[in-house]
């Protein structure tokens, strides 16, 4: 079930939305799996056409994915996942590794809706997986071992950074990195609009703002420095940067950003309890 006659890994997707497509694209682009060994299901062709464009197989039958693939990503909308699990549960065997990317659906809930001893993991991705620069975390269910976790981590590294965490931190990741993409976009927009106010053309301002964020992120990741150290390195006494930072502090940027992550995390926890 897991592989074809030559030992090729077969990967399935129940649900074919943008996040599923992003993961599939990353796996294929990195050579982790051949496109013809990917099978995706969805009720209509609206999203499946993008999988076909990648060279993947498609179906309208969720159980077919379980019958054909041992590693299956559960990538439906959270509110319909319980009904989808009820549909596919009869096809789940001890050979399957099931990976949920549905936000707010706990491992306990997944395990309650699946057969006993089902090997389940939960992954929290974010949108930059689309460009193979995602920041992901994963958590194991009770019956998923280190082998399953290592296989999944190795595969998902094709889509960006992936780290294993206790499940309690998954909702925090949603607030920090899932919702954080929007927070960073809001800051990039404001950064560019400041330059536009001072006379720079809009397109140029937005390109430079985005490149500034990209370059800064690379420096932080490659150096391993705390952001405060890099910030200090940019500041000179009486210079432009310290004057700008003072304006940000007056505007409450730091507190507002911390509150945004807190609010998004709390909402993720609320959804998990429903």
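Cβ coordinates are placed from backbone N, Cα and C, and glycine is handled just like the others.
Annotated features, as they stand in TrEMBL:
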DOMAIN    10-104  domain 'Pyrroline-5-carboxylate reductase catalytic N-terminal'
BINDING   62  NADPH binding site
BINDING   75, 76, 77, 78  NADP(+) binding site
DOMAIN    167-271  domain 'Pyrroline-5-carboxylate reductase dimerisation'
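Residue counts of the domain 'Pyrroline-5-carboxylate reductase catalytic N-terminal' (10-104) by helix, strand and coil are 45 helix, 19 strand, 31 coil (DSSP-based). Computed over the domain 'Pyrroline-5-carboxylate reductase dimerisation' (167-271), the whole-number mean pLDDT of the model equals 96.
Cβ neighbour count within 10 Å across all protein chains ranks 76 highest among the binding-site residues 62, 76. Long-range Cβ proximity for residue 75 (NADP(+) binding site), meaning a same-chain Cβ under 8 A and a gap of 6 or more residues, is found for 13, 14, 15, 16, 17, 19, 20, 23, 101, 102. Taking the mean position of the Cβ atoms of 75, 76, 77, 78 as the NADP(+) site, the remaining residues of that chain whose Cβ falls within 8 Å of it are 15, 17, 74, 79, 80, 81, 84, 101, 102.
The Cβ of residue 78 (NADP(+) binding site) has 16 neighbouring Cβ atoms from other residues within 10 Å, across all protein chains displayed.
Cα of the residue listed as 'NADPH binding site' to Cα of residue 76 (NADP(+) binding site): a span of 11 Å. Counting every protein chain shown, 11 other Cβ atoms lie within 10 Å of the Cβ of residue 77 (NADP(+) binding site). Summarised by DSSP class, the composition of the domain 'Pyrroline-5-carboxylate reductase dimerisation' (167-271) is 90 helix, 0 strand, 15 coil.
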